[in-house]
Structure formats: C-alpha cells, structure tokens
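**Q** Straight out of TrEMBL:
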TRANSMEM  299-318  transmembrane segment
TRANSMEM  325-345  transmembrane segment
TRANSMEM  351-376  transmembrane segment
TRANSMEM  396-417  transmembrane segment
TRANSMEM  429-450  transmembrane segment
TRANSMEM  493-511  transmembrane segment
TRANSMEM  819-842  transmembrane segment
C-alpha cells in the first residue's frame, strides 16, 4: 500500500543541478501547482535529471490525478530546453514498487546480447500480460554504435567534431524519390542511404584531401557498445555465481492484485521458456506475491483456529452440543454476508480486512451466544423451545440493538482519519461495522429460529463440562465475595482508579511508538552509498566488495539465503547501490529476518569508503526506504539553509539517541568549471556556442543519428575515449575552427579550469527551496521523542524558518493528532448513543469511566 503519487521525470543530459532547477523543475512546478488534491510536491534537481514527486490526498483517484498532471505538463513542454528529453509521467502503482524481478541469464551470451534480446523480444511479451503497468530492464546496457573519436587524429586531418557530426547526419537518409511507370506497372523509388552495415559506416567519407580521402575510420574507432556503462544487475545463487544477467522488473497496474499478476506472469514465463534460444535461462528471481500469499494463508489459519476456540468455549459454558449449533451456524453466515458488504463498499480481500474478521469473530459470536443463552435458560426453566425462543429474543432484543449501535458508533469515526493510517483504519472500520450489523441481524432472526428447532432441556453429563461448570461456579462465588468486600472501601477504590488512570497515561507517554511494526517479509535490502561525486565504476567496485562479504553467508551449510540481486546504481545517483537479499521460505529456516540482518551487519559495516546497511522492506511505502526522522527546513536561499543545517546537525549530534544524521544538501561534489576567455575567443573568430558544442560531444557524448539492425534502430553516439577524459591536460588535444582564418585553434588557448565544490542535488518542497535533515533513532528512543527534540532545536536556531516533515515523521505527526480527536469523538458518540438507549446521562457516564481502566 502506497500514498497516491505521480512522478514527473525529465532528463537533460550534461546539465548541472542549478540549470535543471531553474530551467526544468521550477517551470514544471509552476504549471502543476494548481492541480486538485495535491498534498505535497517534493522536487529534486540533480546533474542531468529533474524528479518531481506529487503526492495527493488519499481520496484522490490516481488515474485522474495522473491525467491532470499529464495535461498540465504538456502545456510547458515547448518551454523546456530543446536538448532535454520529453517528460515522463509515472503513476506510483506503475513505476515505484517492483512486483516481480525476472532474471535472464546465460553462461555464453554477453551483457549487450542479453540486454538487446530482453528489449527486442521479452519486454513486449510481458507488457501485454494482464495487470502489468510497466516493464523495466535492470542492468540494461543498451546497444548502440559507438564512434570513439581520437582528437589528435581529428586535428591531424584538419577536421573538427562538428564536421564529423554533420557528415554522419547528412549521409544517413531514407527518402521517397518518386515513382517509375513502366509496362503498366508503378514502381516506387526509395533513396536508401541509411546506416545498416558497420563496415560501410567505417568507410564514410569525411573529407577529400590532396592525395587521399579521409574516412570515418581514419579518425575514430567504430564498434557496437553500450549507450552507457552505468548499469549493473546481477543475480547470485548458491549453484550459479557471477552469471551474466539482466533483470526484467515488472510493475503492477494501478489497483491491480499482486497475487493475480504473479499468477499471470508465471504462466507467461513458462510459455516464454519454450521459445528461448539455446544458452538462455529465464526464471523468477523475486516475487512480492510470495509474502502476500503466505501472510493471507496465516490469517486464514488464525481465522479457523479462532472459530474452533469459540465453539469449544461456547460448549464449555452451555454444556449442550445442540446449543453450540446455533452460534456455530450464525458465525459463518455472518462472515459470508460480510463478504457481500466488502464487495458493495469496493474493498479488496486483503490482510487488514481478514484481520478485521478475526477481531470480529468474538463480537459476531457474542450476539448469537447471548440470544442462545437467553433461550436455553428459559428452556431449563420449563418453557417449550418455541415459547422460549419467542420470549427470550424479545427479552434481549433491546440489549443487542444497543450493543450494536454503540460498537458501530465507536468504529465508524475511524473512517475520518487522513493519510495512510486512515486508509488502513477505514477498511478495518467498514469491515468491522458491517460485520457487527450483520451479526446483530442474524442474532435477531436466524438464531431464535435455530434455537426453537435445535435446543432442548438436557442435563450436563460430559466429564469436562461438569468439571468446568463446577470450577466456574466456584470462581463466580469468589468474585461475588470479593466484590462485596471492596464495595465497602470506596475511598480505596477511587484512589486506585485515579492511580491506574495516571499510570496509564505515563505508560503511554514512555511507551515505544511506531507507525508500522517490523515484519519478516522473506527478504531485506542492503542500501549502500559511496562518497559524493564517486564514479559509477568506483561504486560498482565497492558494491562488489559488499557482495563478496555476503556470498559466504549464501554458501554456508543450512544457509537461510536463497539468492542476492545487486542493482547499481540504486535509489540515488552513481554513488548508490542496492542488494536485495532473498531468504528461504519461512518453513525452511530457523531464524527470522531481523536476526539474519544483524549477522549481515557485521560483515558489511567495515567495507572501506562505503556506507552500507540492511533494512526491512516496508509493507506500506510512506518513504522510499529513508530514515524514520526526516525534518524539512524551508528557506529563501540555499546559502541560508546551508548555514542553518550545519548548526542543527551540530546540535543533533549531541543527542546520543540519534545516529547517521545527514542532510540531502551538500557542496561536496567536486566540479570543474571551464572559464572561457571571451575576448580572446572573439578575436580568433571562435564562438562560445562552438566551444560548448565541442565539449558537450567529446566529454558528454552525443547521439547524432541512427543505425538500423534487423529492423530496429540504435543510436550512433559520438564521444572520445574515457582515457582522454580523465585529466585536464586532455583539453589541449581538442581543436575548434576559427571563422576568421579557417585554421584549427586548441581549446587550451581559450579556456581555463576552475575547480570548486558544488551541490549535486537541489531540493524543493512545496515549491520552496528546502533541505531535509534525516536520522536514525536508537531502540530505546521513540520517534515522537525525536520529533520533539528536533522541534526544540530548530526553535532555538532558526525560529523564523518554517519546517515540515516527511515519511514516517509526517505520518506520525498527522496520525497521532488525529487519533486523539477520533478517540474523543468515539467516546462522545458512544456516550450519546448509550444516553439515548438507557434514557439516562448517569448510567452511560459510569460505563465510559471504565474505558481508561481498560
């Protein structure tokens, strides 16, 4: 379960975070800001990418919200930089949480071949599976034609990179040339000069020299290669380590059942396996439905156990097997009728609804037991079953109706809670309320009828029933005597009640509070980060170091692990990675996930230059696996916010209950700025645009045209080798042409380097500049205590700055305040219903006073 979120992503290659923020993020924020039902807008501008997450109120329909955002963004597409890619609009249910990961592996195929096969043949096959919302190929090294330019050879042949780019574009044509009419047949003429042969591409003429023709292969090395090396997906099994693998991530459509989607995908996997070429293997590596199915089965088992226990208890108290038949029939009838209510209210049968049923079993049975007991006692007093059923039901009808109204009055206010907690409570409240109403109807109609048919007067003869009856009567006598004794000590009782109420309040204050309990979901994640500004290659090495330390755990005898899935980069930029640790089935291991995670921590915390830590996946995504404490500080400039955050972090580090205190804003990313000598460049006849385009192509890489292979087009990318991009001296090898003289001029004569720290990411929250300070909390420290400490700290340091909260902190703040109001509202509603029922204000007040004691 996740909050309704729509994400807008825009890629603008090679642009810095400030340019992305000004030219992309703010432009889109301005147009989407007026959309209906927006709760929060959380934006991040990073080098080459803008990501805007729009969270809506829980009652907003996600499909309608996505369409509204799509229409609004379409209005400003023309206002975005021409070099940026078209905005992507993703719905949370079809783009955030991977439902399944499939692993396509081979001992003989290369990474490029695996990725190309997955894109060509498998993406479409799984995209049309029912309820699939989106497909992602993980670790894809997308195939392309790489034209690796040698700047020295380029200059030696008196060529510039723009001239090579122009030649590639102009020679790649496929145009209709007209129609040839001959012998009563019309023949269409097509001029086809498109690139479809790598050898012919190498022979592309660039320039005719005095003695020879300069071809593309004279100044560049041309080969098939990946669009980007910055992608890695690897699956490790005990019996298959280090196989070349690509992952196929499957995301569920909005509102789709994970379990049903899993069944459909499994069928398609079996179909696809029959058509795979030799040397390829496709398997399901990760499936969220496994946990969901196991959890629902456990709830069903609990439901059955609860039903059996209820029947046994009824038999022990009534001592008559026929008397057990009435509530035993009424219970499943009420539950089945409640399923109709679930359908009418549009709820799904999920864990929370089934847990509501477990809670409701006692309440549902209670009405029928009371009715059966009233009828049975009259039969024991000599009345016939029919008369006893009539008089007994008449006697307690009022009590059953009153109890039903009070219970419904308590549960229904829960539907007014907002946020994720409101979504959970709402389903529970509706399911419980409907079950209570149905059970009352069954108790007032079906139970008397069954009682008149099945109940008769029969002595208790069963040994266990007689023994239990004797014990219960003894306990009842003890209770009566104790009650008489304490009723004469009113002052003691009142003092005791006051102490209980005070101690209850203190226990609540000091008790540990959390939004969600920790679950064993059959997997955990290792989230890893290297230093800010680290390259993908460096992060990959550190991720492999972490993986190597985990592999022995996988290979150990009686290992609780099933496999590891490693994805680089992870949630953030090139300096992040994720390792999904999949555990064996719960039945096949002795330890729970928390113990297994603690064992893993000892292996990975000492990896040098790396921050890696395991976390449990969340059942409800209120934050993207972030820390529980997340405070957002809003301000007018990033310089102001940087000053405030440094003071706040310094104060927070004095609190020993807070750990891993971090901010999402830092100017630690090393950046080299090229300062152009504009006066000199103008004198030499070289434009700033020419310098910029040359550097963009050679350092950033540029797609200039397409290459056709087997009916599919692949990008042709111009760039210089990585070895020529590693140091500042390489700039001296790059030349641009003077418009005045036509000669080549080295860029070393026109630009200077300036190295400084810059922000890798600029954040905005609700269209204001923002920084987010996050922290973990110790086991003995509650989230509410941490929030209070942060509020006190910010009030001392920057009282004029506005703050807000994210993730679990936000949800706890909202939910805790609402729960107090809902609790008071439920008490008031119950009191008013009881006052109307008993026609008295005193008796309900006595009953309400027992609530704090409970």
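Here the Cβ of each residue, glycine as well, is placed from N, Cα and C on the backbone.
What's the neighbourhood like for these features in this structure?
**A** Remote same-chain partners of the transmembrane segment (299-318), defined as residues 6 or more beyond its termini with a Cβ less than 8 Å from a stretch Cβ, comprise 324, 327-328, 331-332, 351, 354-355, 357-358, 361-362, 365, 369, 372-373, 376, 464-465, 468, 472.
For the transmembrane segment (351-376), the residues of the chain that approach it from at least six positions outside its boundaries are 292, 295-296, 299-300, 302-303, 306-307, 310, 314, 317-318, 320, 323, 326-327, 330-331, 334-335, 338, 342, 385, 388-389, 392-393, 395-396, 399-400, 403-404, 407, 424, 427-428, 431-432, 435-436, 438-440, 442-444, 447-448, 451-452, 455, judged by C-beta separation under 8 angstroms.
Long-range contacts of the transmembrane segment (429-450) within its own chain (CB-CB distance under 8 A, at least 6 residues past either end) are made by residues 325-327, 329-330, 333-335, 337-338, 341-342, 345, 347, 353, 356-357, 359-360, 363-368, 370-372, 375, 389-390, 392-393, 397, 400-401, 403-404, 407-408, 411-415.
Outside the transmembrane segment (819-842), and at least 6 residues removed from its termini, the chain residues within Cβ reach (under 8 Å) are 398, 402, 405-406, 409-414, 416-417, 421, 848, 851.
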